[in-house]
Each structure stands twice: as C-alpha cells, then as structure tokens.
Amino acid sequence: MCGIVGYIGYDNAKELLLKGLEKLEYRGYDSAGIAVVNDDNTTVFKEKGRIAELRKVADSSDFDGPVGIGHTRWATHGVPNHENSHPHQSSNGRFTLVHNGVIENYEELKGEYLQGVSFISETDTEVIVQLVEYFSNQGLSTEEAFTKVVSLLHGSYALGLLDAEDKDTIYVAKNKSPLLLGVGEGFNVIASDALAMLQVTSEYKEIHDHEIVIVKKDEVIIKDADGNVVERDSYIAEIDASDAEKGVYAHYMLKEIHEQPAVMRRIIQEYQDAEGNLKIDQDIINDVKEADRIYVIAAGTSYHAGLVGKEFLEKWAGVPTEVHVASEFVYNMPLLSEKPLFVYISQSGETADSRAVLVETNKLGHKSLTITNVAGSTLSREADHTLLLHAGPEIAVASTKAYTAQIAVLSILSQIVAKEHGREADIDLLRELAKVTTAIEAIVDDAPIMEQIATDFLETTRNAFFIGRTIDYNVSLEGALKLKEISYIQAEGFAGGELKHGTIALIEEGTPVVGLATQEKVNLSIRGNVKEVVARGAHPCIISMEGLEKEGDTYVIPHVHELLTPLVSVVTLQLISYYAALHRDLDVDKPRNLAKSVTVE
C-alpha cells in the first residue's frame, strides 16, 4: 500500500520521480504527489486520483531541480483529497515529508507538542512534519530533530524528509514499512521497492527498522538507533525492467496469467540439481524434519495457496499442518506444539499482518521459513530461511502467477521432506509438474472459451458461487476471491457439502454456480451438489478433468495428478474472472479500494 520514491543527484528530479511513481502504481493508491527542490525553492505538486493527473499538473510547470521526493497515497487517516495527499509541509514551509504507514500515537503527540499549530490535513503524516519543525525551533539540527521525532513515533512508517535550508540531503527512516536505498554514481535514491528506480540503478542497500539514513548525492550515512554508523554492503536487484512492462498484452493480469507456464519451468529449473533431483537448502530440510507441526501464516491469495500446501505437507511429508489467517493469528495465537515451524507465505514479503506474527514467533525462538517472490524483502530478512518463487514481478493487484508458484514450491518442499522421512513417493513430481505446465499452456490457449463462459455466466449477475470438495474446495475459495476482486461481483466459495447448511437459501433463478469436479473420490458428490442448485434455478458451470468428465461439462482440464489440479483448474477461474471484469469495462489491474502490498495492519 502506498509508495515512496526519492532522488538526489545531478539530473532534474521531476521526471525521474514521476516515472518512479508510475512503477509503483501496482501497489494501489488514491492520490499522488512530488516535491522538487532547487537553489531557489521547494515546490510541491500533488493531486487526487491517478498519476496521469499529477503528471499534467507537474508538466505544466517549468520548475525542476536535482532533489525530490514522491509518494502515492492509500488513504488511512483522512479522505482522499488534495489536502490529505503527500508530500506534506511544516507551517513555515521549511520541511517537506512523505510517509507510508500508520502512526498510532499521532493524536497524543499532537496534543502534547503542537497546541495552537494550524493543520491543513487530517493525516498523521502532517503531525510528523510539524514535529520536526517544532524541535528545530527548539534549537536542534535537522538530523537531531528528525531523530527525536522518530523516537517518539509508535506504529509503522517509512519516511523521507527534505529541508529547504539543507538542499543537499534527504533524511530517511523506517519501521515495519518497506524502504530501500538505491546507490548510483553521483546520485542516490530511495524507493519502496527496487522496481521503482530501476530506471537509474539496480544497486541497492537495505534499510533496517529504527535506522536513520542521511542521503546525499555522493554519500550515504546509515546510523542505528543509538547513533552508531553502520556499514552495509549493497546488492544487485535481479529484476529485468522489461518484466514489469505489459508488452503485447492489454493488461498486466492477462500477461501474468500467460506467464504461468514459464514460471513453472523456471521453478522446475531452480529447484532441480545437476542429476535431475529435487533440491533445497539442507538447513531448511533439517528444520522441517524436526518440526512436530507446521503453522502456515498468510493472507488473501497466499492463504489459499497455504490451504493447498497443507494437503501436500500432510499427505506426502506426513507433517501435521495448520493454516492461519495472519491478521487473526497475531491476536489469537493458539496453543502451539513443542517444536513448531512457522511458514510465512507472501508474494511481496512485506505483508504487515504476517510480519507481525513473525516478530512474535521470533521472540518465542521458533524456527521460520518465508516463501516469497522478493529476495531481500522484510519477511525474507527476518525469517530463518527463504524459498523464492522465481515468478518475476507481479504487477496486477489480483495475484495469479504468484499463487501457482507458491503451490509449486510447496509441493517441492513437501516431496523433499517426504523423502527425508523415508515416506515412499507415489509421484514423480518433476515429471508431473512438467505435465502441469503443458496443461496450463492448453488452458491459456483456450482463453476465448473462458471469455465466452464469462460472458454467458457472469457479465450481468449480482452474485456467484463456487463449490468444490476436498482440494477443489480450496480452489473454489481462490476462484471466488479473484472474481470479487476485479469484477466487483459478490462471490463466495463453499464446500459442496455445506450447501444444505444455509448457502442454498441464496440460490435463485439464474444464479451462476461454478462447480469444480477434478477429484475422483468426490466426483459424484459434487455433481450431486450441482444438481441441487440447478433444481433451484441456478446456472451451472462445471469444470472437470479428463477421465472424470461427464456430458454437458462446461470445460474439461487436461489430466494431471489429483493433488496438483489446483495449479491447472485455477487458471480457468483466473481467465473467467479477467474476462468478467473486462466485459464490465472495469480497471482489471487496479481494482477499486485494493492495494497490491498490504503493508499496514
């Protein structure tokens, strides 16, 4: 949620900042702004709405300079409007600030230090910048004032501060909110993620929580909470900028659906040794082997992937596994086993709720593993181990290729641990994943069929239901989430056997019901459930698998191993959801009220 960019160097900053913000659009936002500094002045441009509107305003002015900060805002304190947009300035105009996160004690700070100060916005951010001015007026240097203010803040924040009387510096701090430092020759940048500033550098340094960073064009000084200078190596962000472009596709979501076969091949390659055997780090294997129970912590689509992963971990590896919603777990932790292993699944590696759980389990000394798409992300840094998805940048808000990548990686982990436990495999996983890849390609080629299904079943409906049994039920949850995320159709996923326990009361004439029928032992049962809703006027869509199909099924996916069917059947639901939104003329990649990375609790 939200995004920050900053530049200090020799080039004019305005265009670099605007392009950087455009690369952060996928994170979700409702307003955007930049502040640019030159020898004469600090000028702020900000607008409610899309960055295209901000660009019009900024481009209408000739003002530019070699230093600046930018921000995309997702409203938390105060409605989306011009006044609440970032950057914010102090009363005397000397200090300018951008901020991601939520300050929990801003009202207390406002009451204690800022009595009589006139505020323009409703935001917690303006309190921060006014506090910097307050302590500056008490005689503190800008660095001292900034450090003092940061020490008072409770909550999450990533901060970038400009001082009109010190035009050669950006002051930076973070806690529980992502922010990176980009390194260049004669310039430096800050960004919420590396993608934003790949236009100028691929070399980055991490910023850790509670650190103060003094950024100048020719040097960077990192200080810990005690004021000690910290030396830190840089790393190269292994991202191809072209991976973040739509290319020939109309939308990022469609591109990312089509990329799934390539992602599967990349995962097979990355997790295979020279002899053609599955491989992961031995330390990870040892910790999973020693665990008497695995607790999967995730949110949204990653949670649904975790539900599928539970099937692998229990059926193949023989490890009891629980899957928990991160935002609930952190406040309602169950009784834990003696030797738990926590597995955190997050596409971005920045999910605030999951990180909150990780902080608590780290305090308890429990082992942890992060499954993420982003090397160097907060979860990957703070967990004991990391397994990467190798899916490439996922820009569309609605996750597609990350979901299938998460399931594939979980299947590999489970099979390796099964072997370590001496459990006989009933599957040649690499061969089966290759079959899955071919099956996904076939479904992607059938995209026109999915478009017709979407048109027939979902274009004008008010609600829709997805039903399945066993592992198909887990996929039905993800199918419903995809549809509601981007088409704004009220959609719910249910276990087929639960229909008679309340849900069937919602069925009326023409209600679309998508039934997944890819599991042999429950094939007749789920078809019976479909007949029940048809008898009450529902409009059915049955997605089955070769070998289990019946006459009249809407679509039949190629045959794959039953436990791997989620990797294939979900692609049909992704495409159906995409075309349902497309035919409703909606913003597929940036649905309303949603953010790609949920970085506040």
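From the backbone N, Cα and C atoms, a Cβ is placed for every residue, glycine too.
For reference, Swiss-Prot has these:
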| type | residues | note |
| --- | --- | --- |
| ACT_SITE | Cys2 | active site, nucleophile |
| DOMAIN | 2-218 | domain 'Glutamine amidotransferase type-2' |
| DOMAIN | 284-423 | domain 'SIS 1' |
| DOMAIN | 453-591 | domain 'SIS 2' |
| ACT_SITE | Lys596 | active site, for Fru-6P isomerization activity |
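Across the structure, Cys2 (active site, nucleophile) and the residue listed as 'active site, for Fru-6P isomerization activity' are spaced 9 Å apart at their Cα atoms.
Taken residue by residue, the domain 'SIS 1' (284-423) breaks down under DSSP into 64 helix, 28 strand, 48 coil. Note: the domain 'SIS 2' (453-591) comprises 68 helix, 28 strand, 43 coil (DSSP; helix = H, G, I, strand = E, B). Sequence-distant neighbours of Lys596 (active site, for Fru-6P isomerization activity) (same chain, 6+ apart, CB under 8 A from its CB) are Tyr26, Arg27, Gly28, Ser348, Glu394, Ile395, Ala396, Val397.
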